[in-house]
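Everything below concerns the one structure shown next.
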Amino acid sequence: MLKDAYTADVTPERDGEEVRLAGWVHEVRDLGGIKFVLLRDRTGIVQLTLPKQKVPKETFEKVPKLTKESVIRVEGTVQANEKAPGGVEVIPQRIEVLSESDTHLPLDPTGKVDADLDTRLDARVLDLRREEPQAIFKIRNVVTTAIREFLEERGFIEVHTPKIIASATEGGTELFPVVYFERDAYLAQSPQLYKQMLMAAGFERVYEIGPIFRAEEHNTRRHLNEAISVDIEMSFIESEEDVMRVLEELLAHVFRKVREECEKELEALDRELPELETPFERITYEETLDLLSEHGIEVEWGEDLPTEAERKLGEIFEEPFFITEWPRETRPFYTMAKDDEVTTAFDLMYQGLELASGAQREHRYDVLVRQIEEQGLSPEDFRHYLEAFKYGMPPHGGWGLGLERTLMTITGAENIREVTLFPRDRKRLHP
């Protein structure tokens, strides 16, 4: 390896040790008889100090030629110094330029010069070098790891369902068509139908962390056309409460893990995460409309909640909460109904965002066919899905959790694009 340590490994306790470091030139300061280079890698920044009398002439003379963001390799000696950042510096004996950067940068990775979001996304690779994006994506890694650990401990099996499908998952029109030889095909909106088929296959508990694609024309701070969804499905449930408990306990676990493992990253983002207490509060859809009406926002029965309503609910409820018993007309055909008006469906809300949706599913073949027809769809279009219900389908339910929206609540990002490496929205297909 070209390096044997990260910058974070360089501590005063290693005074006198030889190290090999590699990273990016963050800053260069030339004071004549002494020169400084700030070397950055994914763990932080360390100061390279070059007194003219203590380093080789070749190394000393190389510093003024270094351009910001060039990639360099350094061999030197750790030296404790209370005046240096972090109380430590490295005295280089050798500096090797591995890759020289252009002097004209489309944005400043040090963050000293502000840039708008579009500029940052256009130069995303440089933008991702900044401290805040680095913190966000380290947190994202901890979040997905925590999700997997939580679900695996509870007997869930990770699966990967098709992303090229022949028909709409939910009968909607928000589909991206793809060229698939001589047939029509689409990108999957969700793994929903396949999760249910796996319940019939006897898997009992499955989860997937994977992409979903929705051809929505929304161009807001909370919408993407390609996103990552965390989905589960579980068999032999008594009611939707069984899957709601898994969801609330998972979210509390994720927040706890991020607090424990991402102290430095949260500090970089100026965030303090609360300890989520379970169970979360539950209010029905009808109660939600009444509450909104009390605050001057009128929503007709059977309508989805507009953004204004979600924001107001985020002001009323400081903690995550569930909205339950959604009207039948607002939910897909596979949702189990409680009566002629409402269903077992629920949404998880937090900070004015809908984070997750779920329900107990309809497992009875004849009822499912009827509900497909009632929504103006053809059972023939779902024949392979329906086939699974003919040979013994257990009562089951599940949910889908938006990973990016969850990360918005954790990191404080105001725009969903901030928590996505290379976002895809209505106007952005590059980089």
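Using N, Cα and C of the backbone, Cβ positions are placed for all residues, glycine too.
As the structure is a computational prediction, the values presented were derived from the model and not from experiment.
Among the features that Swiss-Prot reports, site 'Important for tRNA non-discrimination' is placed at Pro85, with the record citing sequence analysis. The annotation L-aspartate binding site is assigned in Swiss-Prot to Glu170, Arg214, Ser357, Arg361. If you look up Swiss-Prot, you'll see 192-195 marked as region 'Aspartate', on the strength of sequence analysis. The ATP binding site annotation in Swiss-Prot covers Arg214, Ala215, Glu216, Arg222, His223, Leu224, Glu354, Gly402, Leu403, Glu404, Arg405. Annotation source Swiss-Prot lists Mg(2+) 2 binding site at Glu354, Ser357, citing sequence analysis. As annotated by Swiss-Prot, Mg(2+) 3 binding site applies to Glu354.
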| query | When the Cα-Cα distance from Ser357 (L-aspartate binding site) is computed for each of the recorded positions Pro85, Glu216, His223, Arg405, which gives the smallest value? | reply | Arg405
| If you run through the region 'Aspartate' (192-195) with DSSP, how many residues end up as helix, strand and coil? | 4 helix, 0 strand, 0 coil
| task | Give the number of CB atoms, excluding that of His223 (ATP binding site) itself, located within 10 Å of its CB. | result | 17
| Model confidence over the region 'Aspartate' (192-195) (mean pLDDT, whole number) | 97
| note | In chain order, residues whose C-beta lies under 8 angstroms from the C-beta of Glu354 (ATP binding site), counting only those at least six residues away in the same chain, are Leu305, Glu310, Asp347, Leu348, Gly402, Arg405
| remark: Cβ density check for Pro85 (site 'Important for tRNA non-discrimination'), other Cβ within 10 Å (all protein chains) comes to 12
| message | Can you tell me which of the recorded positions Pro85, His223, Leu403 is spatially closest to Arg214 (L-aspartate binding site)? Compare CA atoms only. | response | His223
| said: Among the binding-site residues Arg214, Arg361, which residue has the fewest other Cβ atoms within 10 Å of its own Cβ? | reply: Arg214
| In the structure shown, with every protein chain counted, which of the binding-site residues Glu216, Ser357, Leu403 has the densest set of Cβ atoms within 10 angstroms of its Cβ? | Leu403
| query | How far apart, in Å, are the two Cα atoms that lie farthest from each other among Arg214, Ala215, Glu216, Arg222, His223, Leu224, Glu354, Gly402, Leu403, Glu404, Arg405, the residues recorded as binding ATP? | reply | 19
| Using Cα coordinates, what distance in whole Å links His223 (ATP binding site) and Pro85 (site 'Important for tRNA non-discrimination')? | 40
| message | Please report the distance from the Cα of Pro85 (site 'Important for tRNA non-discrimination') to the Cα of Glu216 (ATP binding site), rounded to the nearest angstrom. | response | 48
| field | Cβ neighbour count (within 10 Å, all chains shown) around Arg405 (ATP binding site) | value | 22
| query | If you measure Arg361 (L-aspartate binding site) to Glu216 (ATP binding site) at Cα, how many Å is it? | reply | 25
